[in-house]
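Pulled from TrEMBL:
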- Arg92, Gly124, Asp147, Asn249: S-adenosyl-L-methionine binding site (BINDING)
- 194-211: compositional bias 'Polar residues' (COMPBIAS)
- 1-25: region 'Disordered' (REGION)
- 194-226: region 'Disordered' (REGION)
Amino acid sequence: MAGKRKRKNGAEQRRGIHPRNRYSDNPPDFGLLASLYPSFEPYVFYSRDGRPKIDWTDFNATRELTRVLLLHDHGLEWWIPDGQLCPTVPNRSNYIHWIEDLLASDVIPANRADGDVNKGFDIGTGANCIYPLLGASILGWKFVCSDITDVAIEWANRNVKSNPHISGLIEIRRVSTEDKMYNVEELRNTQKFSSECSADSSNAKDQNDGPSASSVLESHSSETKSYNGPPVLLGVVKDGENFDFCMCNPPFFETMQEAGLNPKTSCGGTPEEMVCSGGEHAFIARIIEDSVKLKDTFRWYTSMVGRKLNLNILVSELWKVGATVVKTTEFVQGRTSRWGLAWSFLPASRKIIPSHKIEENNLSFMLEGLQRQHSAFHVLQSVESYIAKSGASCKLDAAAFKVDITASKDQIDTILKTETTDSRSEAASYHHELNISNSSNDYPSQPDALRFRILVFQLNPGTLLVRGTSLERESCTAGLFSLIFQHLEEVLINKFCRGRGSADARPSSKPGR
């Protein structure tokens, strides 16, 4: 039984890693790293079954692991002093790749802040400066990074300057704490409310159309504390600056005692990194308040969230303050789950998205004219129910609004034979593709199973974006995935789109193979 549980946990961990994360199929090999880096070798020990491990409660071990992973896999020189927050590379890479997905999507049209290069803002980069280092080295992004402490600013600069091949892409910006309202010592005071927040709320209502974030959040103020720390975005972003995105690993806790409740890990972290009055909800609420005022200064606003309860509350608050798009995802590493929250105030794209916009194995279509009772979750449930009828395996994740599907050849055949307007031609195309692949040496044989993911996003009331991603690496599966996705589009349009038949709902042009 124990062995079965271990295998199940391993599968869950792999499913939680972004498919483009370099550790998705190849998790860090501690034994190999110990043989290549003598400084890491003392921290590696072996279990009874011969598997290399490290002690996750040893800060020195986790710090050295991060150092060698950044050097070995990303060519980055890196270090932090004792006590500073030590990031895990696979988990932080998930966040980077998720933002890459957001920027590549058609939901919010691209408007490059800095020519053809994506430019991000890292709120509270810390001494580790992990997100800018990964984003610049993996994707060539530019960053402005903010922080408040001398140690964080010094070591973030050191880590940037230690990597001259990307140092020109990263700017470290100190946040002013001279104003009494933003005294750093107030980060340690978890009992005090900030009277200035009420003033900010009334000012925001006067200066902005629609309800301000502060006024929307006041319903929670009696239960949770307001953030009263240094500036987050307002007062840090300069006039005339524009960014493609911001990102943040917020202080998750209200006290250091709360932060130290997990005895199974030791990732360090100072009070300035880990704690603020009101915890993560208050901090992210401040980002929301700032975003309401900054609006289209950023294409996407994003943050990490540590508690699912807070995620649900924050999503509701974002719709109330007028966000045009809100997206969430889940990041998993081992037994730890974190969530990603993203939103925008830019108008969602109203143009017709091609029925099968093919970017390798990424496809999408829109459902428009939905009745009020049909939410993104209802559509996702319908996808699961429809696919499951073929016998295919479906794993629905309601929090991330996605369903992961594994279908065999016979199950794919069953899906495509289900009657719709174009089902006969789709099935014929499917068998034609099989015949081509089996009779030509230019095409590899078809896989025994096809794995893909369907996600549903709400753009605005009555409009949803359905996105599909093939989880297979072989290019030969793209055609089969496209056929299934085309079939699924027609099924969902027929079921959910009010007053629209499949013929006139389908875009007039289909992409070529």
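Each Cβ is built from the backbone N, Cα and C atoms, and glycine gets one as well.
With a cut-off of 8 Å between CB atoms and residues at least 6 apart in sequence, the same chain places Ile130, Tyr131, Leu134 near Arg92 (S-adenosyl-L-methionine binding site), listed in sequence order. Between the farthest pair of Cα atoms in the S-adenosyl-L-methionine binding residues (Arg92, Gly124, Asp147, Asn249), the distance is 18 Å. Less than 8 angstroms from the CB of Asn249 (S-adenosyl-L-methionine binding site) sit Pro87, Gly124, Gly126, Tyr131, Met304, each of them six or more residues away in the same chain.
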